[in-house]
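Below: the structure, in structure tokens.
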Amino acid sequence: MFSDLVRPWTGNQKSGLSLLSGLFITGALATSTGAFAEWQDPLQTPAMSSDKAHQSLLLDVTERGNALVSVGAYGHAIVSTDNGFTWFQGSVPVTTTLTSVDFADEKNGWAVGHDGVILNTADGGLNWTKQFDGFKANEAMLTSARNNLTNAEERSEEIQETGSDMEVEQAMTALENAEFAFQDAEYDLETGSTKPFLDVYFWSAKEGIAVGAYGMAFQTMDGGSEWFEISSRLPNPNRLHLNAITRVGERSLTIVGEMGLMLRSDDMGETWVGQSAPYDGSLFGLLDEGDTQILFALRGHTYRSDDDGITWQALDTGSEQTLLGGFSSDRGAMLVGNGGSVVTLNAQLSGAESTIIAGRKGAASVIRSEAGHFVIAGDAGIQLVSREGKLLQRQAEMSEEKGNE
Amino acid sequence: MSEQKHHYSSEPEHYILSSESEPFLERLIFNNRSLVIVVLMALTALFGYGLSKVTLDASIEKYIPLNHEYIQNYLVHKDEMKSGVANVKIAVETTDGDIFTQDYMDTLSKISDEIFFVKGVDRSGMESLWTPNVRWMEVTEEGFQGGPVIPSTYDGSPDSLEQVRQNVLKSGQVGRLVANNFESSIINVPLVEYNPDTGEKLSYATFSADLEEKIRNKYGSDQYRIYITGTPKKLGDLLEGAQSIALFFLAAMVMTAILLYLYSRCIRGTIVPIVASLIAVVWQLGSLALMGFTIDLYSVLVPFLVFAIGISHGVQIINGIAIESGKGASPVQAARHAFRGLYVPGMLALLSDAIGFLTLLFIDIGVIQELAIAASVGVAMIIVTNLVLLPVIMSYIGISQPGIDHAYKASQSKAPVWRGLSAFASRKVAPFPIAIAIAMGIGGYYYSQDLKIGDLDKGAPELRADSRYNKDNAFMVGNYSTSSDVFVVMVETAPERCNAYKVMDAMDRFMWYMENVPGVQSATSLVTVSKLVTKSMNEGNLNWSALSRNQTVLNTSIQRAPGALLNSDCSMAPVIIYLNDHKAETLETVVAAVENFKDSYDDDVDMKFYGYRYNELEQAIEDGEIASVPVRFQLASGNAGIEAATNQVIADAQGTMLIFVYVVVFVLCFITFRSLRAVACILIPLALTSILSQALMTYLDIGVKVATLPVIALGVGIGVDYGIYIYNRLEVMILAGKSMQEAFFETLRSTGKAVSFTGVTLAIGVATWMLSPIKFQADMGILLTFMFLWNMLGALILLPALASFLLKPESMLARHKKKHGEVPPAG
């Protein structure tokens, strides 16, 4: 039904319009009623093909073998096989804003976003299918919230008979939280309000976790055929936003979130414990490079840990802009954020330098290309910058070609 | 001259009025000369009184096609979207460094204060770096932090200037109130439409003059430059420009007087046509004012036309009187004979002018229709003032002896120029002009295929590209993130539903769809605000710049949205689309894209649902009467939207108007001359001029627009005069038994002389418009000058060439004899 919306102008482009044909076209427009369509849910509406997908809001960029994949607003998923200079658009079945993308290997990748949507590609980003959405998430969240509530009720009854005052108080708080969670889940389900996923990480073509707003977390063990709710496993009673999930070392995962929330699993997501963060503002991401971890957060706060996150030292970045994305390698790291802020760290990840990308557009994610320059996704779409944060002469463009795989 | 001896007792081969030898009209007028003078003077006094009621009107409604669907849609919401229109922006630029200096801030503060007290300013809505409503905001661990961009602690020290710089960066005003290069900043001044003290409508002319005097002249210097844009300022400049029209009128009058004197060599013969034509102007202006019409930027030009056309007909009469006087007739006799010979072609010409102008009524745009009425009335007035009053006055005072001598000498001279020109009526020479005309016609036709509809220039098309306003506008566009070409689509839904998720999502998709259309720069709406606020509420995290499905979040996100982005009951939210330009192709592409989107997204539901209150609609959705909140996309507003509608009206009307104006002149010519061949001789040169003027428009990049469309009708209407006069005389001469070439020679040195004088006079009258600061008046001037001159050449060269092939003098004579015996015709 929406195929006629794809590339809107091709059908109507007119040049050197003569007066008479102008008259004719006006008449034709007035009478063309056509098959009548109506608004459809963005979760049911395929993304429009666009020549400007690389210039609209993009929220994540990742690598897939030697190719780059970026996702963002209006269901855009774009792929580049030449270090970010030319991009082509994958076909996506939703128009929802996508916030994060991750590939397990060259072919298999997942993208998550608003409306609790989870998409999967098996061909490196050309074609995407929907695996999960916020309405399913709401049902799962309600079931889980109901179970939690039942458990909390049982526990509080149990404790009231046997436990100490403090235990009783804790149980009551837990019960209260469980009640709130249940009410919110009910509200969401009734009103069709959905929550966004904010990050996704796959450590194999089968296993991955997607985390999102209000403590929402889902896991799959079978490549996404089934997504199950794991928020109740997380020690996050206030249902704070989960901003990012990062692999740390061999078998560990760290989730960072709102209000200094830092959660750690040392068994790939089975069990989680809270960690104390060096900062109680929002944390937006964690980089794990060798023995060093870099934590970045609201208003330019950046910390370094050399002992697997037990102690942290503040890094002076000289920037007060919130940092939203980062990339590290053995050559150093780059952090990007609001107002076009770029912070570069040297190979030892100690010295930091701060600059601003011309145009001051907010940046959400960054990756280093094989060619050595950095590819940034953000408010201005794709921006290619040098290590020093200067915009390259040549910038990204869209291509009709599907590229050479 | 012996063959002309009897012509007083004969009558012309025309049938409009009387066929008597002394037509009824002539007897009526010349037997009651004093009465005619008294009555006409009384009328002049009445209309002169009407002059005092003439008012200049700048209401925007008259310039747009009110009945077009888009405009109707716009008018529904006009009052709700007013805030965006009556608004001026004043940029203060420093030529030395950037704006973060104490001196600049002081100057800006003074200007800001000064504007505050300019009459018409909506003080509460004013925005500048110095107004407390311009704030910066930042998310910190504790939540939001913010304050005015210039803090209360500001003292002009380097530290506090640095503070201002930081605040500006955090305020998000770069590109809006502060230039992208930090060398200027804007004071945004919304206006109140009515003076709160007096209740009077704000005069844009006064307001604009106030700004010039109190702001630009007072504060503009080498160091600080002032730029002012906005619709009220543009209108003010236009009204100011319109006043220079009076000067042009004076200039045209003086030049005409000089030419007239050179032509007639008679003071009386110079003054009387000018006075008669001025009387026509007084009648036209006065009568229309008495009827309640106002003057606008188009109809202000009508007095020129009336004056010029009046002169051209007056010249014919004076010429006739001089020739008759040269033959020894008394002033009364000369006046009567001139009247008798000229009233038929004169009335025919003026009637075809008037009816030709009336075809402009087909264009459903107020200013054009009023132009049509004003011009028609004016031309009708000329029939009385210049065909009746003028010969009557001349019958009293007569033409002076030098004038008579001059005319006589001319009529006796060998007139080598006219002799040479008359060769075009011979079959030997005629093929050349005809071949050239055909070549030009075909060439012109193909060239004019590229003729565009609409305005083609950047900025405010009403004013010249190098006008102060357009320079100011170019400065704004170049240094700020804004476009002066705005296309607005109104998204309608039920009351209190403009922030429903479905409506917002449809708008969001519409904006992205439109941003992909060539010629569109960007789009903004309530959705933009909602996404921005949602992002800000989530610590500025870009991941959150999306629409929430949670109604509470959506409501919060638009709580502080500017009033211009939704109406008071939240049943309409405009999507503002910024375009690269307002060329017709761009507008057509944009309109087609919007229509295409409408087809896929508009809810085809009963109108009543759009009026349902919140609960009624909830109920209707529950009852299954309607699937969800209704939404539809309504074109169009904004300058580009209105222009798109105007272009459509013009494209539709253009063909109709051209056909009608030609039908009118065809019918009138045919009724008068009763010969298709005659009609062909008169109309073919006109058609060539029409084609060539379109080619000229193509060449000069002048589009078919509100200003140039009337010119086509005016050009044909006035151009036909020449042909009628020339053909009329030529026919008389042929019926007098002269050979084609000889007949044309005689035509040339009497009527032809007057026609060429007329062509030049009219052309000079309208050529002065080219100096107008108002671009469309200048465009009209160029085109009319071209058409008047070219029509004159057509009548003097192409008409005789065609006549030499088309006319059959023998059969014309035979037909004339059959009807009237041997009596030769008058002439």
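Glycine is no exception: its Cβ is also placed from the backbone N, Cα and C atoms.
The annotation transmembrane segment is assigned in TrEMBL to B:34-52, B:245-263, B:270-295, B:301-322, B:342-365, B:371-399, B:429-447, B:655-673, B:680-700, B:706-727, B:748-770, B:782-807. Taken from TrEMBL, the feature domain 'SSD' covers B:271-396.
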Seg_contact(the transmembrane segment (B:34-52), the transmembrane segment (B:429-447)) with at least 3 CB pairs under 8 angstroms, min sep 6: no
Residues of the parent chain within Cβ reach of the transmembrane segment (B:748-770), under 8 Å, 6 or more residues beyond its termini: 248-249, 251-252, 255-256, 259-260, 263, 301, 304-305, 307-309, 311-312, 315-316, 319, 323, 410-411, 415, 418, 421-422, 718, 721-722, 725-726, 728-729, 777-778, 780-782, 784-785, 788-789, 791-793, 795-796
Segment-level pLDDT (mean, integer) for the domain 'SSD' (B:271-396): 89
Same-chain residue ranges lying at least 6 outside the transmembrane segment (B:706-727) that approach it to Cβ under 8 Å: 63, 298, 305, 309, 312-313, 316, 345, 348-350, 352-357, 359-360, 363, 365, 367-368, 371-372, 375, 646, 650, 653-654, 657-658, 661-662, 665, 669, 672-673, 678, 681-683, 685-686, 689-690, 693, 697, 747, 751-752, 754-755, 758-759, 762, 776-777, 779-780, 783-784, 787-788, 791-792, 794-796, 799-800, 803
Selected stretch (most C-beta pairs under 8 A with the transmembrane segment (B:680-700)) from B:245-263, B:429-447, B:655-673: B:429-447
Beyond the flanks of the transmembrane segment (B:655-673) by at least 6 residues, Cβ under 8 Å: 13-16, 344-345, 348, 351-352, 355-356, 359-360, 362-363, 679, 682-683, 686-687, 690, 709, 712-713, 716-717, 720, 723-724, 727-728, 731
Residues of the domain 'SSD' (B:271-396) by DSSP state, where helix covers H, G and I: 111 helix, 1 strand, 14 coil
